[in-house]
Amino acid sequence: MDDRYQNNVQGETYPTYGEGGQDGYPYQTDYPPQEEDAASDATEGHDEDDQMYEGEYQGVPHPDEIKEARRAARREARLKAKLAALEEEESLADQYESIMEDCGHGRFQWTLFTVLGLALMADGVECFVVAFALPSAEKDMCLSNANKGLLGLIVYVGMMIGAVLWGGLADKLGRRQCLLYALAINCIFSFLSSFAQGYGFFLFFRLCSGIGIGGTIPIVYTYYAEFLQMDKRGEHLSWLCLFWMLGGMYASFTAWGIIPHYGWGFSMGTEFQFHSWRVFVLVCFLPSVVALAGLVFMPESPRYLLENARHDEAWMILRQVHDTNWKAKGEPQKVFEVTQIKTPQTQDDDFIEIQSETGTAFQRFTVRQVALINILWACENSNSNTCICFYCSHSYYGLAVWFPDQIKYLQFEEYESNVKLFHRERVERFHFNFTLQNQVHREGDYIHDRYKIKNVKFEDSLFENCYFENIRSTETFFENCTLKNTMFYNTDLWKDSKFIDCKFTNTSFHHPKKGCHLNYQEENDVLIYLVCFLGSLSVIPGNILAGLLMDKIGRIKIIGGSMLVSSGCTFFLFLCFNPGSVITFQCLFFAASAAAWNGIEVITVELYPASKRATAFGVLNGLCKLAAIVSTFIFSKFVAVTKIIPILLSFSALVCGGLLSFKLPETREVILQ
């Protein structure tokens, strides 16, 4: 009987394993023979899995090896796919840069520059509106100190919410579309706020207005950067920052020209009062309206369209940019030669996609936000840029509020030092046809007198047969006085608040002006408008310097140098003891810090990929507004206490930010990813 391992192939017979050696094993001739029982003992207890796979003798791989090989192949395929996607995305960035170079820089970019600049100007105006209107609004609406403080902060709260909201939506819905929505919301609620008579409605409308305008900064810089080639990006984004300064100048100038003019308002009965400060609020939404009208005629960002696989629309817009620029340069015959544009793969991780589509609404929201934070934080040097933004905002916005308040405080101290004191005077049958101002009268007797007063305090005095008419003076008080046969006609002096521990005998109040009423001579200090105007004007040198040097010496040196110089300006505030010196160092500080802001805006655009650029910018800008809220609250508390704390906080934040900026990568020769 033939051996079962014998095979016949092409007539040849392979020897069996039983041929040649002892016991039929030709390759074991050197080993001693085993007894049958010994062989049985050697294999006893072995599992079938430990036995040699017989297919190995025929060159057939084991099933486990096949599975492992398949796994390795799949891993290699996934790695190749990731590398291919990365390679394709990089090639899109290179191709897009080449296309923008072919399109050139010309009429289209300058038109978009003007429209987006007006939107940025509206953001600058928004930061000043409430600050300028507040002295009048607090009297018109009878605001307490707590309500006044909340109204001052509510704008930054709205802008913080708007920056995060619109920045995230701009990467989903489009730059132009979201900017249209944001400006429209700002226009509507700014208009409504000027007519709001109650504090609650006014607060709500300004909050919504801030939410709308909060989206401008993250969207405007992202939108404009995606129409610029690499060698133009830093310079022209810096020029764009000039419009924010123009917004501050516009607000300061219109406030000075409108608010002090009481007759510019109107009233409808006793319930609806439209004073001049409301006219100012109404005028301040005009830049937003003009920007909204211009944006209607602007196209969407082609880079956003490419990120969302809408390459046909992107191609049409790029051809429009190309044709517009070259026709304006006198070369209409130049043809847009691009026929195909690559589209990147921007799908999120499969696990994130699965998790974000399952579970409750809160779980889906949480997964998306955590994934977003991880993506943004994973970007190179994102944490350093975040800290620098916070430090710069903390100092800039805090001191922007502290400077006017400190000037007011120094003016008040000077005013108090000039108070005239009159003791035990007796005045009979005298008509004060001039205004008594900044005086204190103690233990005086006033008989048959007529008065014009402003910021006067009477203590332990006697008034007999006196007449007070048409008086508006919020800082006039009577303490421990006796009033006999005295008449108050059409004044804001009433028993409940202006008279402290006084005795009245046959004293009458006719047509009293109860409640809160405006006194434009007292509530509007032209110097404050001038201070803010000069602060905005002083930004021009810093902006020009940053624009000229941004692409020459780089973003990092601009940011670091500017913040360190700004810290020096804050340190010298210790030497300021009068309003003039404070104004001088305010202008120096704003001029120095302007370059840092330009560099931060430019490098933030360049650090993040196109699919997350507006989102990252929105998160960082929201963080800046949070720093503004914190710093304005802290700095305002120390105005009448000490200037050491605000100065040291600003100085340390600017020094830390300036030194930390040198850890950022230089991006002036980096293509937008």
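Every residue gets a Cβ built from N, Cα and C, even glycine.
TrEMBL: automatically predicted annotations, no manual curation.
Residues annotated as region 'Disordered' in TrEMBL: 1-65.
Among the features that TrEMBL reports, compositional bias 'Polar residues' is placed at 1-13.
The transmembrane segment annotation in TrEMBL covers 110-134 (among others).
Sequence annotations record features per position, and here TrEMBL assigns domain 'Major facilitator superfamily (MFS) profile' to 112-668.
Annotated transmembrane segment per TrEMBL: 146-166 (among others), in sequence order.
Listed by sequence, the residues of this chain that lie at least six past the ends of the transmembrane segment (178-196) yet keep a Cβ under 8 A from its Cβ atoms are 119, 122, 126, 129, 162, 166, 169-170, 202, 205-206, 208-209, 211-216, 219-220, 223, 274, 278-279, 281-282, 284-285, 288-289, 291-292, 295-296, 614. Summarising the annotation, TrEMBL assigns transmembrane segment to 178-196 (among others).
Taking Cβ pairs closer than 8 Å, the transmembrane segment (202-225) reaches residues 112-113, 116, 119-120, 122-123, 126, 130, 137, 141, 150-151, 154-163, 165-167, 169-170, 175-176, 178-179, 181-190, 192-193, 196, 233, 236-237, 240, 288, 301, 601, 604-606, 613-614, 617-618, 620-622, 625, 672 in its own chain, all 6 or more past its ends. Here TrEMBL flags 202-225 (among others) as transmembrane segment.
Per TrEMBL, the feature transmembrane segment maps to 237-259 (among others). Through the fold, the transmembrane segment (237-259) approaches residues 113, 116-118, 120-129, 132-133, 136, 220-221, 224-225, 228, 276-277, 279-280, 283-284, 287, 520, 524, 526, 529-530, 532-533, 535-537, 539-540, 543, 546-547, 550, 594, 597-598, 601-602, 605 of its own chain, all at least 6 residues removed from its boundaries and within a Cβ separation under 8 Å.
The transmembrane segment annotation in TrEMBL covers 279-298 (among others).
Annotated transmembrane segment per TrEMBL: 527-550 (among others), in sequence order. Same-chain neighbours of the transmembrane segment (527-550): 124, 128, 131-132, 234-239, 241-242, 245-249, 251-253, 255-256, 400, 403-404, 407-408, 411, 558, 562, 579, 583, 586-588, 590-595, 598-599, 602, 668, counting only residues six or more beyond its ends whose CB sits under 8 Å from a CB of the stretch.
Residues 388, 391-392, 395, 399, 542, 546, 549-550, 581-582, 585, 588-589, 592-596, 598-600, 603, 643-644, 647, 650-651, 654-655, 657-659, 661-662, 664-666 of the same chain, all 6+ positions outside the transmembrane segment (556-575), place their C-beta atoms under 8 angstroms from a C-beta of that stretch. Sequence annotations record features per position, and here TrEMBL assigns transmembrane segment to 556-575 (among others).
Annotated transmembrane segment per TrEMBL: 587-608 (among others), in sequence order.
Residues or ranges marked as transmembrane segment by TrEMBL: 614-635 (among others). Long-range contacts of the transmembrane segment (614-635) within its own chain (CB-CB distance under 8 A, at least 6 residues past either end) are made by residues 149, 152-153, 156-157, 159-161, 163-168, 170-171, 175, 178, 214-215, 217-219, 221-222, 372, 376, 379, 382, 385-386, 389-395, 397-399, 401-402, 405, 604-605, 607-608, 645-646, 649.
The transmembrane segment annotation in TrEMBL covers 647-664 (among others).
Highlighted: of the candidate stretches 146-166, 279-298, 587-608, 647-664, 279-298 has the greatest count of Cβ pairs under 8 Å to the transmembrane segment (110-134). Within its own chain, the transmembrane segment (279-298) is flanked in space by residues 111-112, 114-116, 118-119, 121-122, 125-126, 129, 132-133, 176, 179-180, 183-184, 186-187, 190-191, 193-194, 213, 247, 250-251, 254-255, 258-259, 264-265, which lie at least six positions past its ends and keep a Cβ under 8 Å from the stretch. Mean per-residue pLDDT, taken over the domain 'Major facilitator superfamily (MFS) profile' (112-668), amounts to 82.
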